[in-house]
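Peer 1: Structure in C-alpha cells, see below.
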Protein chains: 2
Amino acid sequence: MSPNRQMALMVQARQASTFDPTLLTHIIHDGEENTSSRRAALARVESALGITDTMQLPHLHTGLNRRELYLEGLRRGRAIVTDMLQHNHTRFVNLTERSQLTNATPFGLNFLMFRRTINLQGTTEQKRYWLPLIDRMEINGCYAQTELGHGSHVRGIETTATFDSAAGEFVLNSPTVTATKCWPGGLGLSCSHAVVAARLVTRGVDHGVHWFVVQIRNISDSTPIKGVTLGDLGLKMAYNGTCNGYAHFNLLRVPGSSLLAAHAQVLPDGTYVRNEAGAPENLAKQSYATMLEVRRVVIHWAAFGLAQPLTVATRYAVVREQGALMFSQPTVPEVAILEYKTQHQRLLTLISQAYAILFASKELDDCFEEYQQEKREGKLGRLSSIHAVSAGLKAWATQAVAAGAEEARKMCGGHGYLVISGLPEMVATACAAATFEGENYVMWQQTLRYLFKQIGVLQAGKMLDCDMTESLSGYQKWLQVKEEVSHLLPESDQLSEPATLLKIFKHHFHRLLSAAHFFYSQQTRTSSPAEAWNASLTRLLPAAHAYIEYLVLKFMQRRVAVVGQAQPSLLPVLSRLTELFALTTITNPGPSFTSTSFAEDHILTADHFLQMRARIDELLAALLPDIIALTDAWDFTDASLCSALGCRDGNVYQRLMSWTKQLPVNQQDLAREAWAIEGGIGEFLRGDITSGTKSRL
Amino acid sequence: MSPNRQMALMVQARQASTFDPTLLTHIIHDGEENTSSRRAALARVESALGITDTMQLPHLHTGLNRRELYLEGLRRGRAIVTDMLQHNHTRFVNLTERSQLTNATPFGLNFLMFRRTINLQGTTEQKRYWLPLIDRMEINGCYAQTELGHGSHVRGIETTATFDSAAGEFVLNSPTVTATKCWPGGLGLSCSHAVVAARLVTRGVDHGVHWFVVQIRNISDSTPIKGVTLGDLGLKMAYNGTCNGYAHFNLLRVPGSSLLAAHAQVLPDGTYVRNEAGAPENLAKQSYATMLEVRRVVIHWAAFGLAQPLTVATRYAVVREQGALMFSQPTVPEVAILEYKTQHQRLLTLISQAYAILFASKELDDCFEEYQQEKREGKLGRLSSIHAVSAGLKAWATQAVAAGAEEARKMCGGHGYLVISGLPEMVATACAAATFEGENYVMWQQTLRYLFKQIGVLQAGKMLDCDMTESLSGYQKWLQVKEEVSHLLPESDQLSEPATLLKIFKHHFHRLLSAAHFFYSQQTRTSSPAEAWNASLTRLLPAAHAYIEYLVLKFMQRRVAVVGQAQPSLLPVLSRLTELFALTTITNPGPSFTSTSFAEDHILTADHFLQMRARIDELLAALLPDIIALTDAWDFTDASLCSALGCRDGNVYQRLMSWTKQLPVNQQDLAREAWAIEGGIGEFLRGDITSGTKSRL
C-alpha cells in the first residue's frame, strides 16, 4: 500500500510522542516478558483464524444473522481454547483474543464461573473428579443461576431440587414460567453441563438455594437430556458469539452426588446436614470471595473496554480532516478533527479515565493478593472492605466505560455509526457490564452499607478496618455536624499539588457521606430501616460514588509514583494524565443519577474553578503530542479492534471503501431483488425519467 | 389470555391515575380529531403488515441478516407510502408508523429532503415537472451531499459538475476516493434519483457547490445508470430498514437542465449567471430555512424517541418484581422495581424531559409558523433567532434522547439487553440523531455565535432581535462584569414559584454567557478570531447549553399554563412534571462535556439544595400514581413498540418466552450443527459424564 495523506498524518502524530510507548505497554501488560508472550499468543491465534490481512473485510462484519454470528463466535472461542490447551497457558481464561470478557465465547463460562463454583462449593472428591474434566475441556459448563423472573436476588429463585431418598436422586423442576433458567452464557446451544442453583427440598423442608452439577446435553449427539428444554435467547446488543440461553427442567432426575456438598449434604435417608464450613457466616464469606474474583476480572476488562474505542477514536481524529474553525478564512483547508478543542478535551479526558481504571484495577489486584496471603494465615479481616471497594469500583468503572465508549463512538461522526467501524460492537459490549455480575445500582448500595457500618464503628469509638483508616481519617468532625457547613480550601493549599486534589476528593466524599448518613438517620426515626434506606437512596448513591472516585484518584496517584520511580521517562506524561483526571472529574459533572457536583461542596471558590479550567487547558496542550502514544501503548492488534477506522496505519478511507465493497450486500444484486419482488420498489416507479439524456427541461 | 399476576399489576397501576390520559393524548397529538385519524391510519397500516398479534414474534426480531433487515424495511416503507397514496394524507411524511424518522425507510428521503431541495432550489418550471412525480411516488429520490471524506462542511465537497457547452451537458465526476458520495439514505439500493451537491465548474471557473437532479438507476431494470457505481454501507447500529449508500460518479453526463436553477444558471455558452435570489445573503437564508425545517422534524421526533423506551421501561418497572429493599425481612416477597427510589426517580426525571422536549417542539413550531406568516409579508427578521434556537434545541434534545433511551434500557436489566425487548433498537436509533442533520458540537456553536452577535448589539446600544428581548433582559449588568461575582437568590424568592426557577435558569445562562464572552474576548487580544474561538470552545458550549435549558423551561411553563387553562384536570400533573424537570436539571448534573453545574453559579446556598431535593421527593411521590398514564398518553401501539417487555397488557414473561421459542434459532437445530461441524464443540468434548444416572460420586 503506497502511503497516502491519512497514513502520513498518522506517522507524523506518532512521531510527536515525548516517550516510548513500549515502556508503557510493559506497565499495562505486567512486564516485558508477559508482553512478548501475549503478543506471541495473539499472533498464533490470529494466524490460525486467518484474520491478519487488515484490508480484508472481517467475517464478523459481513452482515451476519443470528446463526452465523454464533458460529463465528464458536470458531473464535475454539481458537483460543485450542491455543491454551496446545501451549499450556491460561492467558485467555479471562479475556479473549479481542480483549473482551471470555463470556463472549461459548466456552468462557467453563473457566470463569463453572469451574470456580465447583472449586468453591464442591467436596475434595468432587473437585478431583470434575476439575480435570474442565481443564482438559472434556466438558463445557455454564452457570445457571438467574431465572426469567429472578435476577441476582438469590432468595427469589424458584427452581427446586427435591430429594427422593428411595432412588438416592434429586428431582430438578421448574415449577412456573418465571422459574425458567434464563441468561446463562453457553446454556442455549453449547454446554454439556451446568451448575444449577436450586432450592434443596428434603423431607418436605426447603433448605434454600444450593448448587448442583447437572448434565444438560448428551455429548454423543448434542441433544438435550430428557427432562430439560433448552434454547437460545436470540440476538442481543452484543455478545452474539455466544448463546445466552434458557432451560426449563421437567422433573429431571439427577444422582444424589450432583449436590455440590462442601458445605451441606443430604444423607441417604434424606437428613439434611450442614457442615461446619456451611455455617451462614462462612457461606456468606465464600460467596463474597467468588463474586469478588469475577468482579476483579470485570474491572480489569473495563480499562481495556474503554481503551479500545478510544484507540479507534483517537486514530481517526488524527487523520479525519473535516470542517474549519469558526471565523477561519474560506480558503483554509479542512482541519483534522483533533484540532477542535472539544474533541481534544473529550478524548484526553476519557483516556485519563481508562488509565485511572487500569491503575485502580492493579491496586485492587494487589490488595486481593495480600488478602489471599493473609487468608492462608487465617485472617479474613480485610474481606469486607475489599468487597465494598470491588462492588463500587465495578459500578464506577463499568459506568465510565459504557458512557465513554459511546462518547468515543459519537466522536467518529457518521462513520462511527457503521458496524464496520467496530465501534457499535464496542459500545454494545461495554453497555452490558453495567448490568451483569452485579447490577450497578445494587453495587453502590453494597459499598455504602459498608461505609455506614464503619461510621458505626467510629461512633462506638472502636477500631476501623485497616483499609479504612486513611479514607476516614478526619471524618470525626463530620460526626458532630448537623447542618452542612462550608470549609473553604485554605489559601496555602496549591491546586497543582496532588495532595490538594486528593484532599478535595476526600472532602467531597466525607461531606456526601455525612449528608447521606444524617438523612438516613432522620428517616429511621419515623420509618423502618428498609423504608428509611429506600427513601434515602438518592442521597446514598452519590456518597458511594464519591468514595470510589476518591479511591481511584488515590490509587492512580500512588501507582503513577511507583511507575515513575522505575521508569522516570513515563513520569511526566502519567502525572499530567492523573492531574487531568482529577481536574476534569471536579469540573465536568459525571453521569447524572449517581453523582453530585463538587461545586456543591462550597470548598472551592469561583476563582478556584477558573484556575482549574486554565490548568486543564495547559494539561491538554502538554498531552496532545502524546495522544497517539497513549493509545498505542495498550497494544491492541488491528485484528482485535476489527475497525475500518482504527487500524494502526491510519489508512481509513481506502479501508472503508475496500471493506464496504466486499460486503455480501454489494456482491449479490440485492437492488434487483428489492425492485422486482412483489410489493417491491418497481411497483411504485413508472418509467425512466431523464435517464442520462436531454429531458424537456 | 387469562390474566396473570403481571397483567393484574398493570391494571392496578393504570387505575391509580389521577387524570384521564386520553385528554393528554389529544394534547400530544394536536387534538381529538387528529388523534383519531392517526389511530385509524395506524390500524390500517398495521393490519396490512399483519403485525397486530402481540403474542407473535415480530419478523424484525427474528435474527435477520443485512439483506433481510433491508427487505423488511422496504415492506414497511411500502405500507406507509401506499396508505398515504390511497388515503390521500401526509401523516407518515416525517415519522413512520413506528414513530421513527422516515429516513428509516427506503422512501423517507423522497419527501423529507429530496422534495424539499427541489422545492427550494428549483425554478418554477423544474418544480412543476418534478414535484408531481415525487408526490405520486413515480420516482424515489435521495439527498446526496456528504462524501466519504467530507461531512456537513459544504465547502469541502469534491464532486464536480463541469459544464460542456458543446453538448449542453454537465459532467459529474468523483475525482478521488474521498469524493465518493457516502451516507445518503436510500442511495445504496432504493432510489431512482438523487439531488447531488457538486462544485459547478464552467469555463474553467469553480463556482462552488450547487444542486443537480440526477437519475442514478434505470427504473426498467433497477441497474445503476452507466457512469455511476452504487452500493450499500452495510449494517449500521440501527436504520437497517434502509440502505444508506455510496455513489461514485465516473464522468456521468447529465442534461443541462439537471442544475436546480432557482438561484443561478449556466447559459448555453457556459456563462454563469447568479439570479437576484441567488445573492449570497439570500442563499444563506434559504439554506437556513431548509435546515430549520428538517431540524424541526428531528426535535419533534426526539420527544417520541425518548417517550418510547420510557413507555417500555415504565411498564416493565410496574410488573417486574425483583429483589427486596435493603434491611427488609428475608420473608418479604420481591418488590416491583418501580418501588426502588432510584428507579422511580430516574423514570420520572426522564419522563419530565420527554414532555419538556414535546412542549419545546410545539413552541418552536408555533414560532416557525409565525415566521412563515411574517415572511409572506416580507419580514425575515426572526430567522436568525429561530435558526439559533433550532440548532441548540436539536443538540439538546438529541443528547437527552440518546442518554435517556440508554438509561431506560439499563433500567430493564438483563432483559433490556435482548433485541426482542425492542430497547436496543430504540437506543441505537436515538444515538444517530446526535450526529445527523447537524452534528451536535457544531450546533452548539451556531447557537452561541448568534448569542455573541446579540451581545454585540447590546454593547452597541442597538435593538435586540425581538425574540431575544426577554432572554437577555437584565443582561446589561453582566456587560460590566470583569470577574465573576456572587448573586445570592433573594430570600423573598420562593423556590416553589415557577418564576423563581426560571430566574435561576436565566442567571445560570447569563453567568455562563458572560464568562464565555469574557474568556473569548481575552483570547482575541493575542489570537486570531478563529484561534480564539477554538481555544474558548469548552467555555462556549456550556453557555449555549444553558441558554437552551432556560428556553426549554420557559417554553414548558408557558405551554403547560395554556394547556391547563383549556384542560384544568391536566394542570396539576403537568405542573408537577414541569417543576420536577426544573429541579432535577439543577440538582443532577447533565452530560459532562457541554454543561456546567448550577452549583458553580453561587446563587444557591447549601440550604437551597437541601430544600430542592426535599421538594423533588414530594414531587416524585405525587407523580407516582400517574406514571403509567403519563406513558400511556403518548399512545404508542404495541406493534409500533415491537417490545416483549413493553406491551400495554404487562404480560411480559409469557410474551418473552413465547417470542423466544418462535425464534428461528430455536426452530432449527443449530446445536446439532455447532457440535457436529469440523472445528465444532463435539471435537472437544469426550463421552457422556453422569448422564442422568448414578455416577461414581
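Cβ coordinates come from backbone N, Cα and C, glycine included.
Pasting the feature list from TrEMBL:
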- A:20-139: domain 'Acyl-coenzyme A oxidase N-terminal' (DOMAIN)
- A:142-249: domain 'Acyl-CoA oxidase/dehydrogenase middle' (DOMAIN)
- A:Thr146, A:Gly185: FAD binding site (BINDING)
- A:288-451: domain 'Acyl-CoA oxidase C-alpha1' (DOMAIN)
- A:Glu437: active site, proton acceptor (ACT_SITE)
- A:498-669: domain 'Acyl-CoA oxidase C-terminal' (DOMAIN)
Peer 1: Can you tell me the CA-to-CA distance separating A:Thr146 (FAD binding site) and A:Glu437 (active site, proton acceptor), as a whole number of Å?
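Peer 2: Taking the Cα atoms only, A:Thr146 (FAD binding site) lies 11 Å from A:Glu437 (active site, proton acceptor).
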Peer 1: Which recorded positions among A:Thr146, A:Gly185, A:Glu437 have a Cβ sitting under 8 Å from any chain B Cβ?
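Peer 2: Cβ contacts with B, in sequence order: A:Thr146.
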Peer 1: What number of additional C-beta atoms lies within 10 angstroms of the C-beta atom of the residue listed as 'active site, proton acceptor'?
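Peer 2: There are 20 of them.
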Peer 1: Measuring Cα to Cα, how many angstrom lie between A:Gly185 (FAD binding site) and A:Glu437 (active site, proton acceptor)?
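Peer 2: Taking the Cα atoms only, A:Gly185 (FAD binding site) lies 12 Å from A:Glu437 (active site, proton acceptor).
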Peer 1: Over the span of the domain 'Acyl-coenzyme A oxidase N-terminal' (A:20-139), how high is the average pLDDT in this prediction?
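Peer 2: Across the residues of the domain 'Acyl-coenzyme A oxidase N-terminal' (A:20-139) the model's pLDDT averages 96 on the 0 to 100 scale.
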Peer 1: By a simple count of other Cβ atoms within 10 Å, which of A:Thr146, A:Gly185, the binding-site residues in the record, is least packed?
Peer 2: A:Thr146
Peer 1: Using DSSP, what is the helix/strand/coil residue split across the domain 'Acyl-CoA oxidase/dehydrogenase middle' (A:142-249)?
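Peer 2: Helix (H, G, I), strand (E, B), coil: 3 helix, 51 strand, 54 coil.
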